[in-house]
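After the structure tokens below, expect a handful of questions from me.
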Amino acid sequence: MSRKTLYELQAENVRKTYLFIVTFSLILFAIGYFFVWYFNWGLTGIVLLAIFIVLYNWIAYEQSDKIALASVGAIPANPEEYYVLHNIVEEVALAAGIPKPNVYIMEESQPNAFATGKDPKHASVCVTTGLLQMMNREELQGVIAHEISHIRNRDILLMTVVAVVAGLIILLRDVMLRSMWWGMGESRRRDKNDNGAIILLIIGLIFSIIAPLIVLIIRSAISRQREYLADATGAYIVRDPYGLASALEKIGNYTRPMRVTSDATAHLFISNPFGRAEKLFATHPPIEERIKRLKSLTM
């Protein structure tokens, strides 16, 4: 099988993003239509549902990076205080042939990092304070190169949209559970032995069980191969696979989970923020395998 060019990979990521948005819109409409039917909202409910889906898709596409950054408490990195970090980001971005992304900091002891945005002109890189404290310049450069690779390969749009959508799925689960117990509205089936309420209870229970699985499946849709590709691309950008390999080794040895994160955003990070190895639906390859592949690269 022939290798894909960078432009083919970028185009594929954009297509997958649009396909994901369309698929999710259909699922969301099906769930929303049940609420419209159950609470007897009629045509008004359908119109409001359609407006909500369009608005949410716009937010997911245009504002997902801001949502992702805000959800983890990231703040802009002061150029004077974090001069070395800004310098490394600028150097790596120049070597990768993309504009310098915005630079953010997370007050977090776990060494980690992620990139977000919709394209290379509207992108951000965020690192934890723990990463800055633990890494030397070569290791930090390797981590930044990995994240810059996600930007250059246009992984970031799909990854960030998935994070926002996964967050909505979790929210829908909570709304479904609350509506089950609070019994909001009047069902058109209430006259018939509360059949509507029973149906909602059953659907709510099912959805509350499968919602976390949906989140895991969505996260795993972000192929593990993207991480391998970003590792390799980053190594070639800075002409050094050992900096990132050493950084991953230190990251892998840190097992304490991150204080502020969620299942919705876990796949964005360079390493699993929960500080544990996941086998089923894992979005990150084993760190040991990533290190092995990096050390086998020839520059």
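Every residue gets a Cβ built from N, Cα and C, even glycine.
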For the Zn(2+) site that Swiss-Prot gives with His146, His150, which of Glu62, Glu227, Glu249 also belongs there?
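For Zn(2+), Swiss-Prot names His146, His150; of Glu62, Glu227, Glu249, the listed one is Glu227.
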Residues near the Zn(2+) site, His146, His150, Glu227 excluded, by Cβ within 8 Å of the Cβ center?
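Counting only non-site residues, the set is Ala115, Glu147, Ser149, Asp155, Arg226, Leu229, Ala230, Asp231, Thr233, Gly234, Ile270.
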If you count Cβ atoms within 10 Å of the Cβ of Glu227 (Zn(2+) binding site), leaving out that atom itself, what do you get?
21
Let's check the environment of His146 (Zn(2+) binding site): how many other CB atoms sit within 10 Å of its CB?
31
